[in-house]
């Protein structure tokens, strides 16, 4: 197979020099090199990490429940979610403690790892400069550029595992080395432990390989056996735990996905398909709008040239560049050259994986009548779509590249700036009313410490309270509505509940009885009390907004303390 050698300005089989690509010189100075791209991603992640970590120690949405779960290392915590995130969090908290920093460090480390894998995969399908902008464009996906920063736990592991699996599989099929197949197995096992929806991504990826003669012919039976064994070994602790549970995984999944909001299988299926379509559209915005606006012409040409990529299409036409588009095997600037056949095959694999994942999801909805379909569930379906789109575009026009760079910079700055007001001035208008990430749990520490909370069993009335009590008292035993650790009760037991904002209408003793009717009067070891916690604000006094918490000292034998 003929390929263009580094710095060889000729097409295969010709001696005609090619004109310089637009922006070649600029690309050579920076973004054509992966270290520069990942440095930008790391800078972006570090900015958000420091913004959140320095301005508020409060554990927010999703994280609060994980902080309760991560008190102990277990083979499984829930049938709804596999335990890899909790395992990683538990490990990190042994070093940095159960604070906001453990969540931020884990999240952005996983994100940076996913970025490295996606960039490496993209560079196999398109020129380096295009791959750089492809990766940076992921920040224009709402779920990654905005929603990821507050909350999001298992999904970040899913993204990292999916990216690692796709890259490892391409490497294994390209090299044939058993070591690469071993990496495929480890990535598969990690993905299955990340989120149940990873199985959909893995199945779509496998079908994409089997449907493509280029990849199917490279499969190694020995390598596949090794990958399967490694994946099974990694997944086995959780699988053993699942099999020991009284309710099965399938039944639990069905109870979540198939809701009773509408009756009749047909109506549920139509509702689910409608939500799938809307979720796919919402997940891709504003990324897809930017790509279509800036690169419609080269994308249209690339899609036209790629129509022959369906199964059974003529391979010579399939990998041939369009006459009026830059050839995909032009020399690149980092001392390497793209093999046009390999690049087209990687792009095709990404596109087919996305199409098959969407098709499998639609089929599952039709069969099950699932209606619990949301935009935040689309990562497993659409993660590889940006790679396929940018591969179809090919070499980015200089003007489009500049406009895309400015647009991405603008979106990043807006997303960063939009987070600041809710962190320095938690007004209801600025942070969605509840402003849970700024709730003044730290105001509880002095009085709870005086009651012996540092070594006590602390019972939170909700997961937000329970998770943040662990931030305040890392050595305490924390009990929440979603998790009761299998550790011995402590000599002191405190029930902590949120009584609302402002001055409570009832006395603390009446309020605790109303909120916890199962709590016997004999379980109260002392008179309950209220603690008024003032909210922080950049320019207003702490008393401008007050949340009242209730505290009750319980006898250690109380069922709530067990």
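Using the three backbone atoms N, Cα and C, a Cβ is placed for every residue, glycine included.
Per TrEMBL, the feature region 'Disordered' maps to 1-24 (among others).
Residues or ranges marked as transmembrane segment by TrEMBL: 35-55 (among others).
The feature domain 'Glycosyltransferase RgtA/B/C/D-like' is assigned by TrEMBL to 81-241.
Feature annotation from TrEMBL assigns transmembrane segment to 100-122 (among others).
Taken from TrEMBL, the feature transmembrane segment covers 152-170 (among others). Long-range contacts of the transmembrane segment (152-170) within the same chain, counting only residues at least 6 positions beyond its ends with a Cβ under 8 Å from a Cβ of the stretch, are 62-63, 66, 81-82, 84-85, 88, 103, 106-107, 110-111, 113-114, 117-118, 120-121, 124, 144, 180, 183-184, 186-188, 190-191, 193-195, 197-198, 201-202, 205, 209, 346, 349-350, 353, 376, 379-380, 383-384.
According to TrEMBL, the transmembrane segment annotation covers 182-210 (among others).
For the transmembrane segment (222-244), the list of distant contacts is 74-76, 79, 82-83, 172, 176, 178, 180-182, 184-186, 188-190, 192-193: same-chain residues at least six beyond its ends, Cβ to Cβ under 8 Å. Per TrEMBL, transmembrane segment is recorded for 222-244 (among others).
Annotated transmembrane segment per TrEMBL: 276-296 (among others), in sequence order.
According to TrEMBL, the region 'Disordered' annotation covers 305-335 (among others).
TrEMBL lists 316-332 with the feature compositional bias 'Basic and acidic residues'.
Positions annotated as transmembrane segment by TrEMBL: 354-373 (among others).
Away from its own ends, the transmembrane segment (380-397) comes close to residues 21-23, 118, 121-122, 125-127, 129-131, 133-134, 137-138, 141, 158-159, 162-163, 166, 195, 197-198, 200-201, 280, 283-284, 287, 291, 295, 298-299, 302-303, 305-306, 321, 325-326, 328, 330, 343-344, 346-347, 350-351, 353-354, 357-358, 361, 404 of its chain (Cβ-Cβ under 8 Å, at least six residues beyond either end). If you look up TrEMBL, you'll see 380-397 (among others) marked as transmembrane segment.
Summarising the annotation, TrEMBL assigns transmembrane segment to 403-420 (among others). For the transmembrane segment (403-420), the residues of the chain that approach it from at least six positions outside its boundaries are 44, 47-48, 51-52, 133, 136-137, 139-140, 145-146, 149-150, 286, 290, 294-295, 396, judged by C-beta separation under 8 angstroms.
Long-range contacts of the transmembrane segment (100-122) within the same chain: residues 34, 37-38, 41-42, 45-46, 48-49, 52-53, 56-59, 63, 66-67, 85, 88-89, 92-93, 130-132, 134-135, 138, 148, 152-153, 156-157, 159-160, 162-164, 166-167, 170, 346, 350, 383, 387, 390-391, 471, each at least 6 residues beyond the stretch ends and with a Cβ under 8 Å from a Cβ of the stretch.
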